[in-house]
Structure formats: structure tokens, C-alpha cells
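Right, one structure below, let's go through it.
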Amino acid sequence: MSRLSIPGSGLAKGLAVTLRTMTKKTVTEQYPDVQPELPPRTRGVIGLFEENCTVCMLCARECPDWCIYIDSHKETIPAATPGGRDRSRNVLDRFAIDFSLCMYCGICIEVCPFDALFWSPEFEYSETDIRDLTHERDKLREWMWTVPAPPALDPGAEEPKELAAARKTADKLAAQQETAQQETTRQQAARATEPHADEQARAAEQPTRPMGDSKQQTDQPGPTSDRSKPRTTGDQPDQEGRE
Ligand code: SF4
Ligand code: SF4
């Protein structure tokens, strides 16, 4: 049995929808005049923190789109101790992501074991040439400075191991700096007292002269003793000898 419709009910329903929508807050974004407020975990672009990358190639291998390009070479590090073995390490030559292929799945960031890749909410990097969407390592590093700080821990949460390790290293460095400072102060103080010590050492080294020597000293012409007298030929043995 078909339901009877009241004439004009459709119009009333339509007006009700219009009224409801008119009273709701507008969701239109005025971009680019007004920058949108994006959630902190927005997937805009990928930043590379190069110092953490060990060139393990995991991200490039796991990327479903094969849009991560990595080049590297091996470098030998001489042994730190005599008789030790030389070590080799990978040095990054190229790291690039082609954002024209990337599907923003985030797998590369998830699999990176060394926290070298991060999401940044930046999204304004459209290009007129598709080749410019391949971002090389310098550009990927620049994106790092736009990565938001991690959210604060829940109250009462256990401190992450990384923080404890960083604090331990910072404490150790501070202790080393303090020891070096104390050593410098001690050396400066020792240098300040050194002249007196030298004088004392010189005085101790001087031999005590016998009494006769003192007479000999007084017999020698002093600066004002015999020089004031007029000289005679007898006073000049050299000339006398020659005569
Ligand atoms: S987000 Fe996904 S597609 Fe893009 S580079 Fe990472 S793994 Fe590849
Ligand atoms: S997974 Fe991480 S450490 Fe390994 S190559 Fe990729 S970015 Fe570097």
C-alpha cells in the first residue's frame, strides 16, 4: 500500500534542511588568504634527519612506490687502538624522494629503525614541472625544521629510554667540562706562584763565596773607585809590555 504524501511536505522538508544548514558554523577554508589549522600529525611532506641515517636501505626497500633513491659508498675507519681492526661504514651520497610518485602511506617513516624520517605538515610545494617534485637531501633536510615537536607525555608516563640516555651523556659532559675547568684554574694558580719558586731555586743554587773572594771583589775597580783617578802608564800593562 503506497503512503499518501501531504501536499507541500517536500517543500517544508527542503526549507528545514536550508534552515539547519544556515544555523551551522561554516566550514569553508579561506585558503590561501588564511592558512588552515592542520592537525599536528598531518602528512604533508617527509623530512630527513641525515645524521641519524645509516644507509640501511630499509625505507627504499619497503616503499611500495619505489620512489626513494639512495646512493652511498663505504669508508674505512682506522682502528682506534693499536692492533685493533679497521671498521667500515656507509656514507650517504644521495637521498631523494619523488613526491610525484609518493602516496603518503608513511611506511618509510614507520620502518626506519634510526628515526631519520619524519612527517612535516608543510604542503605548499606544488611545482609546474613534475621533475621538481623529486626532493634531494638538502631539500629534505630543510623540511626537518618544519617538523612539529613531539606531543608531551601523559602525566605519570614512564620516561623514554632515549631521554634518560641523553641526560646521562649531558651529565657526563658537564662533569668533564668541570674537571677541565678546575685543571685550568689550578695550572693558572701554579703559574702565578712560579716566579717566586724560580727565585728561590736560583738563590739556593748560588754557591756561598769564601771570605777571600769578597776581598777580591772589593779590590776590583768598582764603577766609581779607581776610574776617577788619572791613569798612568803603569796602570796599562799591555802598553808597557809593548814598549
Ligand atoms: S610515504 Fe610511502 S610511498 Fe611515500 S616515500 Fe614513504 S613509503 Fe614511499
Ligand atoms: S630506513 Fe632510515 S636509516 Fe635506513 S636508509 Fe632509510 S632513512 Fe636511512
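Every residue, even glycine, has its Cβ placed from backbone N, Cα and C.
As recorded in TrEMBL, the features of this protein are as follows:
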BINDING   Cys53, Cys56, Cys59, Cys112  [4Fe-4S] cluster 1 binding site
BINDING   Cys63, Cys102, Cys105, Cys108  [4Fe-4S] cluster 2 binding site
COMPBIAS  158-171  compositional bias 'Basic and acidic residues'
COMPBIAS  172-192  compositional bias 'Low complexity'
COMPBIAS  193-202  compositional bias 'Basic and acidic residues'
COMPBIAS  214-236  compositional bias 'Polar residues'
DOMAIN    44-73  domain '4Fe-4S ferredoxin-type'
DOMAIN    93-122  domain '4Fe-4S ferredoxin-type'
REGION    150-243  region 'Disordered'
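Where TrEMBL records a feature, it is marked here on the structure.
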residue: Cys53; record: [4Fe-4S] cluster 1 binding site; Cβ neighbours (10 Å): 20
residue: Cys56; record: [4Fe-4S] cluster 1 binding site; Cβ neighbours (10 Å): 16
residue: Cys59; record: [4Fe-4S] cluster 1 binding site; Cβ neighbours (10 Å): 23
residue: Cys63; record: [4Fe-4S] cluster 2 binding site; Cβ neighbours (10 Å): 20
residue: Cys102; record: [4Fe-4S] cluster 2 binding site; Cβ neighbours (10 Å): 20
residue: Cys105; record: [4Fe-4S] cluster 2 binding site; Cβ neighbours (10 Å): 13
residue: Cys108; record: [4Fe-4S] cluster 2 binding site; Cβ neighbours (10 Å): 22
residue: Cys112; record: [4Fe-4S] cluster 1 binding site; Cβ neighbours (10 Å): 20
Could you check which of the binding-site residues Cys102, Cys105, Cys108 is the closest Cα neighbour of Cys59 ([4Fe-4S] cluster 1 binding site)? Cys108
Listed in sequence order, the binding-site residues from Cys53, Cys63, Cys102, Cys105 whose CB sits under 6 Å from ligand 1 are Cys63, Cys102, Cys105
From the Cα of Cys112 ([4Fe-4S] cluster 1 binding site) across to the Cα of Cys102 ([4Fe-4S] cluster 2 binding site), what is the distance in angstrom? 16
Suppose we screen the binding-site residues Cys63, Cys102, Cys105 by Cβ distance to ligand 2 with a cut-off under 6 Å; which survive, in sequence order? none
Across the compositional bias 'Basic and acidic residues' (158-171), DSSP yields 11 helix, 0 strand, 3 coil
Looking only at the domain '4Fe-4S ferredoxin-type' (93-122), mean pLDDT returns 96
Taking only the CA atoms, the spacing between Cys56 ([4Fe-4S] cluster 1 binding site) and Cys108 ([4Fe-4S] cluster 2 binding site), expressed in whole angstrom, is 12
Cα distance, Cys53 ([4Fe-4S] cluster 1 binding site) to Cys108 ([4Fe-4S] cluster 2 binding site), nearest Å? 12
Using the Cβ centroid of Cys63, Cys102, Cys105, Cys108 as the reference point for the [4Fe-4S] cluster 2 site, which residues of the same chain not in that list have Cβ within 8 Å? Ile46, Cys59, Glu62, Pro64, Asp65, Cys67, Ile68, Ile97, Met103, Tyr104, Gly106, Ile107
Looking only at C-alpha atoms, tell me how far Cys105 ([4Fe-4S] cluster 2 binding site) is from Cys112 ([4Fe-4S] cluster 1 binding site), rounded to the nearest Å. 14
Taking DSSP states H, G and I as helix and E and B as strand, how many residues of the domain '4Fe-4S ferredoxin-type' (93-122) are helix, strand and coil? 5 helix, 10 strand, 15 coil
So how many of the residues in the domain '4Fe-4S ferredoxin-type' (44-73) end up helix, strand or coil by DSSP? 8 helix, 10 strand, 12 coil
For Cys53 ([4Fe-4S] cluster 1 binding site) and Cys63 ([4Fe-4S] cluster 2 binding site), the CA-to-CA distance in whole Å is 16
For the [4Fe-4S] cluster 1 site given as Cys53, Cys56, Cys59, Cys112, which other residues of the same chain have their Cβ within 8 Å of the site's Cβ centre? Thr54, Val55, Met57, Leu58, Ala60, Cys108, Val111, Pro113, Phe114, Ala116, Leu117
